[in-house]
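Enquirer: Input: one structure, supplied below.
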């Protein structure tokens, strides 16, 4: 079975892939609690959406690992669930049931775009310098996420957090001495340290599986009755653009193998479609996959390991709640810094070409949105090329992508 993953060709081992999968899981396990909470604000029953979160993470990760053979686990994206709650429901006034219909339709369109090669053509048309800028921007975005998890950034202000800082020092030492499985050791060490210091706050946590037997109530709640309304169609367009460009940005930042990237686009799109059918916001290849890749994940076995852990979360959820965010934050910070160092590889002919790149690099972490950060850089890029006399090098696809980003920003502006 392991021959399918080409472990020798990818210079990896079963042990290395499993360790990477565990690190990826612990880095994104917070989604099990956060996603139902955000969807709950839109009215989605949390007792059901927690199972939707688990199921789509298992299915998406298995599909990505088995068919695309890439170390990319999938889980509901934080940008996507926020879009579901605060744009589709709060801003557009759709019911959460109709919003699930938007997710299904958008996922279907996204799947068709991927299956007919549109995604690959768009990806190939993106200049290398822009792809590298996206990697740097996502890296800095991960640094911010990690610092927030560590408790060092709290509501935009810097704070001191002893456990988080000690955890980061431990991670840096592990990186310095290139310890195999180091990230996992760091998570375990910092978790132990946290509970030694905060033992008095220890509380037993329960997890109820009974709602699982009524899960069909969520799946059958999907509503398409508002399909021809302006709000529904506007939601479909905006979500499709969000999924399309965030997936491109994430996969381009995390993968180097072009052939496997093309397969990953198709699997990612199909998983987003299945998400709606299961009653949750779209799943994407999450940025925290970078932690597993930094740990040595090279193949789909990493993603499948993460998927197995998500499946076990049906029974281990109470124990996962004992892993503090301070234990995961340092790993995410170290991963982000590694990705951000890609900036050293960026080569431009003229200084002015840095303008769109800097916008992407700065705005992704500042706005907290990969798509918004990409948008401003991609819109500016063709005009910079014209200004320096490279108009003839611009392709039709690049102009179309720039226009789509502009439409996405305008749609977002009018939605909010």
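Every residue gets a Cβ built from N, Cα and C, even glycine.
Automated prediction, rather than curation, is the source of TrEMBL annotations.
Okay, so TrEMBL annotates it like this:
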- 20-38: transmembrane segment (TRANSMEM)
- 50-68: transmembrane segment (TRANSMEM)
- 88-116: transmembrane segment (TRANSMEM)
- 128-146: transmembrane segment (TRANSMEM)
- 158-175: transmembrane segment (TRANSMEM)
- 182-199: transmembrane segment (TRANSMEM)
- 232-255: transmembrane segment (TRANSMEM)
- 267-287: transmembrane segment (TRANSMEM)
- 299-320: transmembrane segment (TRANSMEM)
- 358-384: transmembrane segment (TRANSMEM)
- 396-415: transmembrane segment (TRANSMEM)
Enquirer: Determine whether the transmembrane segment (128-146) and the transmembrane segment (232-255) share at least three Cβ pairs under 8 Å, counting only pairs 6 or more apart in sequence.
Expert: yes
Enquirer: Could you give the residue numbers and ranges of same-chain residues that sit at least 6 residues beyond the transmembrane segment (50-68) on either side and whose C-beta is under 8 angstroms from one of its C-beta atoms?
Expert: 4, 31-33, 35-36, 74-76, 211-212, 215, 218, 260, 263-264, 266-268, 270-271, 274-275, 278-280, 283, 285, 299-304, 306-308, 310-311, 313-314, 317
Enquirer: Please figure out which one of 182-199, 232-255, 299-320, 358-384 racks up the most CB pairs under 8 Å against the transmembrane segment (20-38).
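Expert: Ranking 182-199, 232-255, 299-320, 358-384 by Cβ pairs under 8 Å to the transmembrane segment (20-38) puts 299-320 first.
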Enquirer: Hey, which bits of the same chain come close to the transmembrane segment (267-287), Cβ under 8 Å, at least six residues off its ends?
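Expert: Residues 28, 31, 35, 39, 44, 48-49, 52-53, 55-57, 59-60, 63-64, 67-68, 72-77, 80-81, 83-84, 100-108, 110-111, 113-115, 119, 138, 141-142, 145, 218-219, 221-222, 239, 243, 246-247, 250-251, 253-254, 370 contact the transmembrane segment (267-287) from elsewhere in the chain.
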Enquirer: Do any residues, 6 or more residues outside the transmembrane segment (358-384), come within under 8 Å Cβ-to-Cβ of it, and if so which ones?
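Expert: Same-chain residues near the transmembrane segment (358-384) but 6 or more away: 79, 127, 130, 133-134, 136-138, 140-141, 143-144, 241-242, 245-246, 249-250, 287, 343, 352, 394, 398-399, 401-402, 405-406, 408-409, 412.
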Enquirer: By Cβ distance under 8 Å, which residues at least 6 away from the ends of the transmembrane segment (182-199) in the same chain are close to it?
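Expert: Same-chain residues near the transmembrane segment (182-199) but 6 or more away: 19, 22-23, 26, 162-164, 166-167, 170-171, 174-175, 291, 294-295, 322-324, 326-328, 330-331, 334.
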Enquirer: May I ask which of the stretches 158-175, 232-255, 299-320 has the most CB pairs under 8 A with the transmembrane segment (88-116)?
Expert: 232-255
